[in-house]
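As given in Swiss-Prot:
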- 4-24: transmembrane segment (TRANSMEM)
- 43-63: transmembrane segment (TRANSMEM)
- 86-106: transmembrane segment (TRANSMEM)
- 109-129: transmembrane segment (TRANSMEM)
- 145-165: transmembrane segment (TRANSMEM)
- 186-206: transmembrane segment (TRANSMEM)
- 222-242: transmembrane segment (TRANSMEM)
- 249-269: transmembrane segment (TRANSMEM)
Amino acid sequence: MENFEVIKALFLGFVEGLTEFLPISSTGHLILFGHIIDFHSDGGRVFEVVIQLGAILAVCWLYRQKIINLIKGFFSGDVESRHFAISVLIAFSPAVIIGVLAVDFIKSVLFSPIVVAIALIVGALIIFWVESKQFEHKTDDATKITFKQALLVGLAQCVAMIPGTSRSGATIVGGMFAGLSRKAATEFSFFLAMPTMLGAATFDLIKNADVLTSDNMVNIGVGFVAAFIAALLVVKALVLFVERHTLRVFAWYRIVLGVIILIAAMFFNLSA
């Protein structure tokens, strides 16, 4: 049975890695598939946090050279590097403030399958709306984002604290609304994910460190590696995809997933 739980952890790790950076809500997928395969981890919330950490580290690895260049440029006084670093900080700040104030409310009240399903469907409608508008894309390079655009993306990210919204979905759509091209919005979403998810993961790991035991470390480790590998496959593919296609296919997928979760919650006792 323990080996079977490891296989389940491997599967959910891949699910996390495949869905974290797509605008389709990794939370919704983990709730649904975790219920379907009846996965139980003594690590609970820590398992989810660590596999999310695996996904974000994949982005750090893929963009490592750009990150290194930005850091070097920042400390050497390069204006563009400093501008971009400040832009990420501006976008990151609203999530820090709202997250600290609302974390208990979000986890105790909003974290339910019904909320996730509704957020998936509403998010899909917003994607359809944004894609139907002809916004003037003033910025085609993520590193050229303005401070105003960064703030708008940061505020959009706060909406993603509602489970099922999708952090990547909110920030990509928010970026497009602010005047970024689809590709620039996607790449800025990746960079914003780094401090946001690393910060959230660190906070949750410290808060739940007592549940990390030798009994659940294998499941957590397997899930981490699976999420890392899956995210490596998705990130570059997503950038190539959004250069040529709209986000409408993800919107349709969100509606289907939202309806499935609603049905499962009402008739099959699906729980978060």
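Placed from the backbone N, Cα and C atoms, the Cβ positions cover glycine too.
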> Taking the transmembrane segment (43-63) as reference, which of 109-129, 145-165, 186-206 has the most Cβ pairs under 8 angstroms?
Replying inline: 186-206
>> Under 8 Å for C-beta pairs, could you tell me which stretch among 4-24, 86-106, 145-165, 222-242, 249-269 has the largest tally with the transmembrane segment (186-206)?
In response: 86-106
> So which residues does the transmembrane segment (222-242) touch in its own chain, when a touch means Cβ under 8 Å and the partner is 6 or more beyond its ends?
Replying inline: 6, 9-18, 20-22, 47, 50-59, 61-62, 172, 182-183, 186-187, 190
